[in-house]
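Per Swiss-Prot, these features apply:
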type	residues	note
SIGNAL	1-33	signal peptide
DOMAIN	74-264	domain 'MACPF'
CARBOHYD	168	N-linked glycosylation site
CARBOHYD	337	N-linked glycosylation site
CARBOHYD	456	N-linked glycosylation site
CARBOHYD	562	N-linked glycosylation site
CARBOHYD	609	N-linked glycosylation site
CARBOHYD	641	N-linked glycosylation site
């Protein structure tokens, strides 16, 4: 803080106590400028220009001390002594006594010279540059005693690392310096002696002692004759007042405007604020007053230095022992994709810690660059030429994974290229191909290799389940045709099949054996009781080399004249034989399933053809068809337009004759297909005793296809029926344990295949 000596002398001559003290920013700026000339090459000189009250902050003072000394850290311990409390009686006298201010004649003369309407430049030259912008209201004068230690942490850490076990007792650490600084006011002489010894022995620290005011000159008889300093501790605050309160009313507003222009615009323009934005309205001689070119240039240089530091951090990471050791441990006998490298990365704790250290350093660097960029934009928003801002892109873990791949596969002949996992190729410098190494085979699931060939790492050695090795590559195994095991389709087209079903053509009739203990064909019977009948093929006895598909069912039912009976049919289908409990119920007229079609025949009796057409959409395997016939009474409703059915007939008066019923014929429409049970048994045998390498997988693939195609023909429902187990159980005569073993083997094999999804089935056959 600088005092105007001439003004101070005049005021002391007027009053016993200080009545008016003015702070002169002008003299303070000259002092800083003098220092700045001595350090023209310092990178922080751009901060030391005249920018107003900012330079009186404690943070800025600490920064200047630290940067001027060339050290990275500053430790200071001090104590203050408040001797005198100083008040400005000039303002108090004006406020309470109403007397004129006892100001210096030169100050009055400068005010009169300004006139009634001075320009901002005149106010700046005659008042601000001579007397400053503020004067002192109250403060505390006293003394201070302080010890300042400037420390270069890098030199200190290198010195500590270089010390061996025999010199550890004399090595200097930050903890040692903290202890010495804390003991300064307890034992000053020995503390200074030890610190000066460390300063001489090492260039890592510099010690400065400051003693000002009466505290440092306590041996004087008259302390009043000793020059004092302003005490700026929190309990002794300095109170300032704007100089405009001492000026006439007509000058106050213009003075404030001139002071702001002087501080913010360096007297090169007029300071203007509008809509929460402030700027300088530049004068004709200073068109770039809003554009601090020196500051902008310094910030651009800082960004360049940050870029260089960014490159150095990345280079240090690549050259670190952790990175080299991680690269050395990577397997070379198969290709490493980014997922595999990331998995190995997470397993290496040392490498992870080193990468986290790099990330933290980069984050701090990036935040520092962001602050500079934001300030750069703020300073240059009114410049005619915008600054050049170039920041390196932050390198994520994905970049380093690709970088590691480049070191592995694009680092031949002293050239390092860039690897692309998508194209599986390298991009070499100057569009050359000499940096590309031989890529090992890819190990993984599906079509990737199970292992690489030991004699040639670029080719597959073995393949995964469901794939076969072909010329060094793994190709999907395609199951051989299952037509020689079991047939599924007929030669008839859909339209032909539909036409033959409509005509109930005998060419698609499957001849089955009719069996019933309750009735006979072409014979009248009393329908009061439920009748059971079945059509069976007895394939195991007569047609062991065939399986059969049902496409439709037709019955011709006749009733006596004027009968009110209505037949009700329930159909169960047994796919491959076995007991009746292993049959499934046909959901007629449910969930879009076909319904019975009734056609009246041109006969004297009431005869109808009842036809159920399944077609290709609802066709399924059948060995036996169980038909249950019940009857119900049909009568007109109360409105005459609707029918009401009564059942069961067992509870109707036995003496009441409801008529009789007979079934002339029953036909099953469908077709028979080739079936070779011995060949399928031989296929199953290969699961335990494969003929050659790969024949077991081929057999499993064929059995899977047979299983899926058989189960696909199950009736509609939320879950498919397990028809394949019925085929094994009744047509191949396998035991229950063998069926379970085969199904388990198929499920396990299917789970290993790529892009497959198994499905749940409902058990039908025990």
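Glycine too: its Cβ is placed from the backbone N, Cα and C atoms.
Annotated features taken from Swiss-Prot, shown on the structure.
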residue: 337; record: N-linked glycosylation site; Cβ within 10 Å: 17
residue: 456; record: N-linked glycosylation site; Cβ within 10 Å: 13
residue: 562; record: N-linked glycosylation site; Cβ within 10 Å: 7
residue: 609; record: N-linked glycosylation site; Cβ within 10 Å: 18
Would you mind reading off the Cα separation of residue 562 (N-linked glycosylation site) from residue 337 (N-linked glycosylation site), to the nearest angstrom? 84
Residue 456 (N-linked glycosylation site) and residue 609 (N-linked glycosylation site), Cα-Cα, nearest whole angstrom: 74
Taking the domain 'MACPF' (74-264) alone, what is its mean pLDDT? 76
Indicate whether residue 609 (N-linked glycosylation site) is helix, strand or coil by DSSP. strand
Taking only the Cα atoms, work out how far residue 456 (N-linked glycosylation site) lies from residue 337 (N-linked glycosylation site), in Å, as a whole number. 19
